Amino acid sequence: MPRLAAALRGLAATAAALIAVAALSPNATAGTAVRPESASPPAHDPKAPREFVSLRSVDPTIIQEMRYFTPHNFMGVPVTGYRAPMCLLTRDAARALHRAQVSFLRRGYSLKVYDCYRPQRAVDHFVSWAKDLGDQRMKGEFYPRVDKSTLFRDGYIAEKSGHSRGSTVDLTLVRLPALPTRPHVPGEPLAPCYGPKAARFPDNSVDMGTGFDCFDTLAHTLDPRITGARRAHRLLLKDGLERAGFVNYPNEWWHYTFTPETFPDTYFDFPIGGGRWGGSGRPGGVGAVWGLAGEAVKPVAAW
């Protein structure tokens, strides 16, 4: 318990810095941090089933850096359907993440999520982008060794995603106390996602051997070229999440699905943001990166 208490104090100490970084983000706005989409939304958006919850309401200690709300992703633009920087999951998946987080906090780490539920319209945006071979603005970081014309064949892009079923999450580990990740500046020089950690885009994640969303075989969870501390970090994440009921997708060290899935055969398309969650998933929030609140010592959802 002393280690857990120390970890929580470390989380509280980093909250102000993380929120300050979020406020500096080019995507940050005051209040609810809702961003209008480039395309006109449907007149009547689908509604989320009651089985979906905001991860923030279940475990506010888990760091959220929702990449697809921002332009720092393999497309280089905010993704359709991400109207607010929040993680939505099925209730069972969110509770399982909470259980894993408690275990990681005792060891001096925190989970950080990059993506959770993903609307089908976002997947459609990925597919449309993949077919536009002329748009390769982010190739230098996310797929420097992959020909964009092979993204479908190689399995990096597909017309359906398990994320749309609500029990899949992309995530990593952060050593506590967490340092803030600086905002990405559109147009800045790109560094390959497979390079040494010091050469990649700065991320407060422990070194997993590649950056998040790296379209490269080095991102395969058990790739034998990943050794030492980098392999140990991957196995630490894998073991902790498997104990909580998650299954890893072996081609992506960051990709996990909670089983049994609440909706194993249903792909949802309700947008992220608005509705019963408001804008950011927490009251008065700003920006695309969320840290930890000082009062975040227990989940606040009804169990």
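Glycine is no exception: its Cβ is also placed from the backbone N, Cα and C atoms.
Automatic prediction, not curation, is the source of TrEMBL annotations.
According to TrEMBL, the features are:
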- 1-30: signal peptide (SIGNAL)
- R118: site 'Transition state stabilizer' (SITE)
- H163, D170, H255: Zn(2+) binding site (BINDING)
- E252: active site, proton donor/acceptor (ACT_SITE)
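Under the three-state DSSP scheme, H163 (Zn(2+) binding site) falls in the helix class. Taking only the Cα positions, the spacing between H255 (Zn(2+) binding site) and R118 (site 'Transition state stabilizer') is 13 angstrom. Apart from the site residues H163, D170, H255, the chain places the Cβ of Y114, D115, C116, R118, S161, G162, T168, V169, Y249, E252, W254, Y256 no farther than 8 Å from the centroid of the site's Cβ atoms, the recorded Zn(2+) location. Mapped onto three states, the DSSP output places H255 (Zn(2+) binding site) in strand. For the pair R118 (site 'Transition state stabilizer') and H163 (Zn(2+) binding site), the C-alpha distance works out to 5 angstrom. Sequence-distant neighbours of D170 (Zn(2+) binding site) (same chain, 6+ apart, CB under 8 A from its CB) are V113, Y114, D115, C116, H163, F212, D213, E252, W254, H255, Y256. Every protein chain considered, the tally of other Cβ atoms within 10 Å of the Cβ of H163 (Zn(2+) binding site) stands at 24.
Under DSSP, D170 (Zn(2+) binding site) is assigned to a strand (E or B) in the three-state scheme. Fewest other C-beta atoms within 10 Å: among the recorded positions R118, H255, that description fits H255. Around E252 (active site, proton donor/acceptor), a 10 Å sphere centred on its CB holds 19 further CB atoms from the protein chains shown.
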